[in-house]
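If you check Swiss-Prot, you get these features:
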DOMAIN    4-244  domain 'ABC transporter'
BINDING   Gly36, Pro37, Ser38, Gly39, Cys40, Gly41, Lys42, Ser43  ATP binding site
Amino acid sequence: MNKFDIENLDLFYGENQALKSINLPIPVRQVTALIGPSGCGKSTLLRCLNRMNDLIEGVKITGKLAMDGEDIYGNIDVADLRIKVGMVFQKPNPFPMSIYENVAYGLRAQGIKDKKTIDEVVERSLRGAALWDEVKDRLKSHAFGLSGGQQQRLCIARTIAMEPDVILMDEPTSALDPIATHKIEELMEELKKNYTIVIVTHSMQQARRISDRTAFFLMGELVEHNDTQVIFSNPQDDRTQGYVNGDFG
């Protein structure tokens, strides 16, 4: 069963075509990794999934991108889409407020005022991000006092507090040390039990470790997608073979 179905998707920045006839199913409650060299289109595609590219002037998109069978570029509420499809960015970006308020912020923005409800969601979200035990005694402390890895897990907690269906991750560990990276990767294994995860990564080793499916992009084209084990052990396209072998990057 697929969470997203992408069919003949083209994206232009003005006259420059950044994505070329992309056809890609993204299965539900699995980790799909998007890999390829810089500028290949993987982050551009990721941002199509919650319409973040709408914020860029001159963008034109054609083709079909459906979530649960509904065209997300049709007549839908984009704010609701971005709640259902949360996003975690490359650099941890906690809000300049307490740990507690970082997670509670989105709930308050939705009009939820009941303290007990907010307390429960904050704890559940921090537990879901494997952060609760590390911060439960300092929830009122400023989020900037956390380590980089903790800040990134706080951003994940902030995302899952909104009860999304999908979590997009754009190189979520590239700014983290190996220990923090390992914790995020362990967390993703747990998160996929409840969420569909799509991750952009420059690390082929990471894609191999954490993903169920992998899609390889090159110069705006989707070269190949398959089970991750197949992509890395028996790719069908010579360009994929060259990339996973490290012949270019």
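Counting begins at 1 with the first residue displayed.
Quick reminder: no glycine exception, Cβ is built from N, Cα and C everywhere.
Source: prediction; values computed, not measured.
The binding-site residues in question are Ser38, Ser43, and the one with the fewest Cβ neighbours inside 10 Å is Ser38.
It is Gly36 that, of the binding-site residues Gly36, Gly41, has its Cβ surrounded by the most other Cβ atoms within 10 Å. The average pLDDT computed for the domain 'ABC transporter' (4-244) is 95. Listed in chain order, the residues near the ATP site other than Gly36, Pro37, Ser38, Gly39, Cys40, Gly41, Lys42, Ser43 are Thr44, Phe217, Leu218, each with its Cβ within 8 Å of the site Cβ centroid. Taking each Cβ in turn and tallying the other Cβ atoms within 10 Å, the top scorer among the binding-site residues Gly39, Cys40 is Cys40.
Neighbour density for Lys42 (ATP binding site): within 10 A of its CB lie 28 other CB atoms from the protein chains shown.
Its own atom aside, the Cβ of Pro37 (ATP binding site) has 14 Cβ atoms within 10 angstroms in the protein chains shown.
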